[in-house]
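K.L.:
Per Swiss-Prot, transmembrane segment is recorded for 34-54, 78-99, 114-134, 179-199, 227-247, 289-309, 321-341, 348-368. According to Swiss-Prot, the feature heme b b562 binding site maps to 84, an assignment based on similarity to another entry. The feature heme b b566 binding site is assigned by Swiss-Prot to 98, 197, with similarity to another entry given as support. Look at Swiss-Prot and you will find 202 tagged as ubiquinone binding site, backed by similarity to another entry.
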């Protein structure tokens, strides 16, 4: 019998083992859909970003006007701009759900896949930050100034490092030009890193809600899960289209509709909503260097998850006390997001400090302690 082309062709064979004949646990829920929604978000960002880059001018005197020109004069330019801006928000919604699922069901025990995933999160955050600077509105300019200036907290090399990033003595034309370059190149670095993430995932196979070995109960990815993912694509793209057409500026900042000027500071400098939880942790530490370290650790703490997992059970499905603290962590992160968008005054300062302390406490102390306690109670 002639061999099936998808199993014999060198290129199609890779696609076949990754997306068609891939053995998949039958009991994975819709929480596993977010992993496949992320490449859709990435492709949408690259496609819209490419067309926007054709009309955008990375120059301080023209950047704001070029964005206005895209929205007013370019055919469907307003839609491209809105899809790109809101696409970033949907990207982060999918990322946070994907990480949340990984934490809940113990997916972090696939160490290589998890660590590459955390690196991907850092890359996506960096891309979102440099992309937010490009429209050159007030919040873009001051956000770039404040966040890049944090590097000056580094001992000895701090001020040199900041000037090296800026390309001068302040955020100016050189900064905007390099940020545009970074925004473009980082998307492709993310795409390459995603393939490595997928490669490591397919070495072990997917986990499942029970956290048990599922080798006895697997089906091929296509058609069962490919159609399930297709439903996710339709919902995601539909929601993105609705937001981008009916309420395109809902998640943006009004200050960014004012052209950047170094002569007046906005009343409250803050990043986009998806970075607010880390920004709140940064602000809750009164020392500059301490704040920068806390900001980095708020993401880096995810690297500790495979090390601090002390329970004999993988998934939180069978761990009621740990489950309660997982939801406490989610609530705490939402509180931090809210605090990051508030002015620096009481009671917001105190709430931010308590929430920041609790955030690290849950990751570093409470989760490993609960694992040991549950092992003892369950006698395993």
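Each residue, glycine too, has its Cβ placed from N, Cα and C.
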K.L.:
Just counting, how many other CB atoms are there within 10 A of the CB of the residue listed as 'heme b b562 binding site'?
P.N.:
21
K.L.:
Measuring Cα to Cα, how many angstrom lie between residue 98 (heme b b566 binding site) and the residue listed as 'ubiquinone binding site'?
P.N.:
17
K.L.:
Could you check whether the transmembrane segment (348-368) packs against the transmembrane segment (179-199) - three or more CB pairs closer than 8 Å, residues at least 6 apart in sequence?
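P.N.:
Stretch pair does not touch.
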K.L.:
Tell me which residues of the chain lie with their Cβ under 8 angstroms from that of residue 197 (heme b b566 binding site), as long as they are six or more apart in sequence?
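P.N.:
When sequence neighbours closer than 6 are ignored, residue 197 (heme b b566 binding site) has 113, 116, 117, 120 within Cβ distance under 8 Å.
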K.L.:
Report, as numbers and ranges, which residues of the same chain sit near the transmembrane segment (179-199): CB under 8 Å and 6 or more residues beyond its ends.
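P.N.:
Those are 18, 38-39, 42, 45-46, 49, 53, 56, 58, 113, 116-117, 119-120, 123-124, 126-127, 130-131, 133-134, 144, in sequence order.
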K.L.:
Of these binding-site residues, 98, 202, which scores lowest on Cβ atoms within 10 Å?
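P.N.:
Ranked by other Cβ atoms within 10 Å, the binding-site residues 98, 202 bottom out at 202.
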K.L.:
For the transmembrane segment (227-247), what are the same-chain contacts with Cβ under 8 Å, counting residues 6+ beyond its ends?
P.N.:
30, 33-34, 36-37, 40-41, 44, 79, 82-83, 86-87, 90, 94
K.L.:
Measuring Cα to Cα, how far is the residue listed as 'heme b b562 binding site' from the residue listed as 'ubiquinone binding site' in Å?
P.N.:
30
